[in-house]
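*Asks:* Take a look at the following structure, please.
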């Protein structure tokens, strides 16, 4: 075997190893996001707003350790000195805080099905926002997917007399969050650290307010609850670390396919574990959204295949 052949074999082995590592990271990230309802169900005795405050504070603590260990304070200061980046991260911090609050409240109030619907809707909301705010042109199949999603939402209104506001709030806040983060060159962990850092003063004021009112749960309801609240930072950050590892090693389309794992797990938990009611009308809404996602995904795969076949 020549040196060139050995090098080619070694490269192939390294590529396969990187791919397997990427799959493991992506499955870990989306799997953890999928079981988030279990963790936040354990905290349902705590008001959603207080849980949000803890999520901000403990995320800052955990990410502070990561930033320090990674010697990334230079990058942090660079972001803080960049007015445009800081402005965009201020806006994105509001979006992610709103997203977290709605999700925490929904889980505590037995509306996990609606959270899964929101994250199924998210890819479709994202392409709609790309069209509206970034002047991206939609292909016919993407228009069809969006139209189907609209039919699903209208059906929910007709059958139940109200908008699926939890699902729409989650999809819209996360969609705007993604849109804002797309405009700035900062990785997920560094970006989240700055976002939570910006929210930290408000979170601390909120905790002081709860403490003075005598309603702060942390430190007053037993060490088990204190540990769960303190773990908010780890629970928030670890999936992001895994996601970053997967995104570096896998094609974008693969990450796009795997993203449905999270809401699928949440959907299953809602129906099987927590016994949330699934009537025919609600099931039909999900089926329509799933059909829209199938069109969207298959069209993306075909588009990618066409690009590969095009001559360089």
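Keep in mind that glycine also has a Cβ here, set from the backbone N, Cα and C atoms.
Feature table excerpt (TrEMBL):
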type: TRANSMEM; residues: 21-40; note: transmembrane segment
type: DOMAIN; residues: 22-155; note: domain 'EamA'
type: TRANSMEM; residues: 52-73; note: transmembrane segment
type: TRANSMEM; residues: 85-105; note: transmembrane segment
type: TRANSMEM; residues: 117-134; note: transmembrane segment
type: TRANSMEM; residues: 141-159; note: transmembrane segment
type: TRANSMEM; residues: 165-180; note: transmembrane segment
type: TRANSMEM; residues: 192-211; note: transmembrane segment
type: TRANSMEM; residues: 223-245; note: transmembrane segment
type: TRANSMEM; residues: 257-275; note: transmembrane segment
type: TRANSMEM; residues: 281-301; note: transmembrane segment
*Asks:* Examine the transmembrane segment (223-245) against the transmembrane segment (52-73) and state whether at least 3 Cβ pairs sit under 8 A, considering only residue pairs 6 or more apart.
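*Replies:* Judged by the Cβ rule, the two regions touch, with the required three close pairs present.
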*Asks:* I'd like to know if the transmembrane segment (117-134) touches the transmembrane segment (85-105) in this structure, counting it as a touch only when three or more C-beta pairs sit under 8 Å and are separated by 6 or more positions.
*Replies:* no
*Asks:* Please tell me whether the transmembrane segment (192-211) and the transmembrane segment (52-73) touch - that is, whether there are at least 3 C-beta pairs under 8 Å between them, with each pair 6 or more apart in sequence.
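*Replies:* Yes, the stretches contact each other.
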*Asks:* Taking the transmembrane segment (165-180) as the reference, which of 52-73, 117-134, 141-159 gives the largest number of Cβ pairs under 8 angstroms?
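*Replies:* Looking only at 52-73, 117-134, 141-159, the most contacts with the transmembrane segment (165-180) come from 117-134.
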*Asks:* Can you work out which residues elsewhere in the same chain, 6+ from the ends of the transmembrane segment (141-159), have a Cβ less than 8 Å from its Cβ atoms?
*Replies:* 121, 124, 127-128, 168, 281-282, 284-286, 288-289, 291-293, 295-296, 298-299
*Asks:* Pairs of Cβ atoms less than 8 Å apart decide it: which stretch in 21-40, 52-73, 117-134, 257-275 has the most with the transmembrane segment (281-301)?
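*Replies:* By Cβ pairs under 8 Å, 117-134 leads among 21-40, 52-73, 117-134, 257-275.
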*Asks:* Across the whole of the domain 'EamA' (22-155), what does the mean pLDDT come to? Round it, please.
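*Replies:* Its mean pLDDT is 91.
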